[in-house]
Amino acid sequence: QLQSKILILTVCAAGIGGTFQYGYNISIINAPTSYIQTFMNETWLDRTGVPLESNVILLLWSFTVSAYPLGGLTGAVVAGPMAIMLGRKMSLLLNNVFVIIAAVLSGFSRMAKSFEMIMVSRFFTGVNAGVSMNIQPMYLAESAPKKLRGAVALTSASFTALGLVLGQVVGLRELLGGEESWPFLLASNVVPALIQLTALPWFPESPRYLLIDRGDKESCISALQKLRGNSDFSAELEEMLAEQAAVKGQRAKNPWELFQNPALRWQLMTIVVLSSAMQLCGNDSMYFYAAYVFQEAGIPQDKIPYVVIGTGSCELITSVTCNMIIDYAGRRPLLLGGYILMAGWAIVFMVALSQQTQISWMPYLSMACIFAYILSFGIGPAGVTGVLPTEVFDQMSRPAAYMICGSLLWFNLFLVGTAFPFIVKSLAHFCYVPFLVVCICTALYVGFFLPETKGKSFLEISEEFKKRNFKAHTRAVFYKGPEEIKSTAL
């Protein structure tokens, strides 16, 4: 079974420096929060002789935190051109440069007495995550055989969850979360980057990219031989050649061209709805709430970080489960089930929060809700959303589709991160109403409009969407109002 071994190793080599970094860097910043704020204050005191006011410290801290999604947005935008010009594998390798710069900056920030270096390092870390979140699922889905495509591309979500958990573990006080060691904690993201730089060069480039973008049939065949071993890949090669013929003479598209193309209307709507919903469904805000709810449930303050690791492990367990079942269950049921369950849990969670003080066992119910919500998110939305752009777009539109997807993802992460504290302030116990609405709307959209893509070739999926786009077209020839409005609103 050599060929599956090579495929598994390719997945690991791409994942460890790819989406693993996204999860890892989201969670390592939580542990040293108070130490870094103290460091900002002391540095300022050293420079000016005046301590910072608490609201200024908060402002500086929120700048530091939001530098990450802004870097991510930048990364998502450069990922498209990188994937087209350098290829999928080379882009992932070059992407490690950003993390190495970031690790050097944050590692030496305390010696240099500069908290600005932490902010800049968070920005570069974000750029790295933005690039890998877009290119890794593309690279893996293009390298995988059709029947394993969902599972292989989904490993991106598993690596994100693994990064989250490992970041929470490494951030414990006993390891690198102490007052003395936080610069090492922030610089520890250089380790996965070095692992990827040593491992990934040994594995082949995406065969689809080699054939369709580069027109290099020999390299494509040798890449397929490495990935598939002795199994017969002639049918797969046929299908790639058919796709190459279908896109002959076209160049890779730009994001704005996707919005202008009526043949891509439903595909575009689908990824816009799903990638926005992924951040706007409130899963990341659950982590924000976790510590508070656990405290209310009577878990001692110093034990809370360990319970929070449980929430991260929840997401890891479900995304691995989802990996195993996606190519049996299909994409639709997982997405639909995930969002419906999340809507249900959001209602229970709000009821539990409002009764928190009245009824003694309520805090335990809200605790259960947090776990259930994260489990429901992990089973479908977390992973399937990243697989879909690869499946519903052809080779020439794919990088641009990921640029749109990634930009939405990061912009919404930034939006939720900024707005959530204010939502909590104004809606109190009912802070989950906006997320509930998002979950219900997304479930409806998936139920009515998303075709199943499991086990179909990329060409078959394109055909299915073509029917949809032009079925609508024949009906809507006289009336072109809202379509234009819709595309500009995004």
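Backbone N, Cα and C atoms are what each Cβ position is placed from, and that goes for glycine too.
Automated prediction, rather than curation, is the source of TrEMBL annotations.
Annotation comment: TrEMBL describes 11-454 as domain 'Major facilitator superfamily (MFS) profile'.
Per TrEMBL, the feature transmembrane segment maps to 7-24 (among others).
Residues annotated as transmembrane segment in TrEMBL: 56-80 (among others).
According to TrEMBL, the transmembrane segment annotation covers 92-112 (among others).
Per TrEMBL, transmembrane segment is recorded for 118-139 (among others).
According to TrEMBL, the transmembrane segment annotation covers 151-170 (among others).
The transmembrane segment annotation in TrEMBL covers 182-203 (among others). Same-chain residues lying 6 or more positions outside the transmembrane segment (182-203) and placing a CB less than 8 Å from one of its CB atoms are 6, 9-10, 12-14, 16-18, 20-21, 24-25, 28-29, 31-32, 35-36, 89, 92-93, 96, 99-100, 102-104, 106-111, 118, 121, 125, 128, 170-171, 176, 226.
The annotation transmembrane segment is assigned in TrEMBL to 334-353 (among others).
Among the features that TrEMBL reports, transmembrane segment is placed at 365-388 (among others).
Per TrEMBL, transmembrane segment is recorded for 400-424 (among others). Counting only same-chain residues 6+ beyond the ends of the transmembrane segment (400-424), those with a CB under 8 A from a CB of the stretch are 62, 65-66, 69-70, 72-73, 75-77, 79-80, 83, 126, 130, 133-135, 137-138, 252-255, 257-258, 267-268, 271-272, 275-276, 278-280, 282, 284-285, 288, 389, 392-393, 431, 434, 490.
Per TrEMBL, the feature transmembrane segment maps to 430-450 (among others).
At the 8 Å Cβ cutoff, the transmembrane segment (92-112) and the transmembrane segment (7-24) share at least 3 close pairs (sequence separation 6 or more) and count as touching.
Tertiary proximity for the transmembrane segment (430-450) is limited to same-chain residues at least six positions away from its ends with a CB under 8 Å from its CB atoms, namely 266, 269-270, 273-274, 277, 280-282, 285, 331-332, 335-336, 339-340, 342-343, 346-347, 349-350, 354, 381, 420, 423-424.
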